[in-house]
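Listed in TrEMBL for this protein:
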type     : residues : note
DOMAIN   : 10-86    : domain 'HTH rpiR-type'
DOMAIN   : 133-271  : domain 'SIS'
COMPBIAS : 302-320  : compositional bias 'Low complexity'
REGION   : 302-329  : region 'Disordered'
Amino acid sequence: MNSTVDTQGTTVAQRIAQALPRLTRSHRQVADYVLEHPLQVATLPIDELAAVVGVSVATANRFARALDFDGYATFRAELVRGFEPLVAPVERMRGNLERPTTVAEVFATALDESRRNIEATRQTLDYAACEAAVERIGKARSIYIAGFGASAWLAGLLQHGLDGSCSDVRLLSSVSGVTHSARTLMHAGPQDLFIGLTFPRYLTDTVALAQIARAQGCALLALTDRPSSPLAPLADVVLYCQTETSYRPNCETSVLALVEALTSAVALRAPDPVQSAGRILQAVRPWLHGANGLLRANGANGANGANAATPPDAAAPNGDGPKKKKAPR
């Protein structure tokens, strides 16, 4: 091994910089690709890296040794170290492809993983944090919800669930983009609540908006997977959810279960929950299957409006009085 490379506490990029004057042309070719695509290289076995760079497998291995690694495997392990949350789904998928399986087995495994994640979430849930979350939601003047990527859909379901119990719930994940979300948060203050949802692979948009909300004096509630999540240290209250899965970056099923539990608790704590549910039903009833005969435009006129059928002797639309029955022929 090349003893002139100082490897104490250095990154792969630093090792490349130190070894660069001594690297051959083909080794520099590999080095350039590694520096330009470190995340991609972290997911590539040696033969795939050699193919994409256009060198031999032996050259790729000698490049790793030139950086004072025992071989390509240790080089790649070091490169992966800073990208574990990002490359883990790719590595899991690679492992799944190496183990032939049937569609039935995938269905069974995925459903079983959802069940295990929900159960693990239930067992580790901090119910004092749940109580605090429900209390803060109930007291908030306005609620701002942020989640991006797959979490945007979960954030939308959270907004939908809270909308019937809270007077002002705003979803920041929209087609207008994160900059508009940041502008919206300029109206937030100490009486308001920011709820952020983020799971591996964490997106910076949610964290950036949480920081803005914190600067505005908002209380923060986080739904995330672990204390090392970038959202956790910013939050006043954190609800943790296990999301491990073999086939995707995260299992959204357990997050949805947590969202439904949270919105159910908020609904039961809201003032007059039965009346609130009744008002929602009245509002959406014209669009429900089986509500035939209900007027959509003027259906809010009470029992004599949408609920009442027009009597046979009602006035004709032209105001000419009751319609006369035609004599039978």
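Every residue, even glycine, has its Cβ placed from backbone N, Cα and C.
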Predicted model, mean pLDDT over the domain 'SIS' (133-271): 94
Tally of DSSP helical, extended and coil residues in the domain 'SIS' (133-271): 64 helix, 22 strand, 53 coil
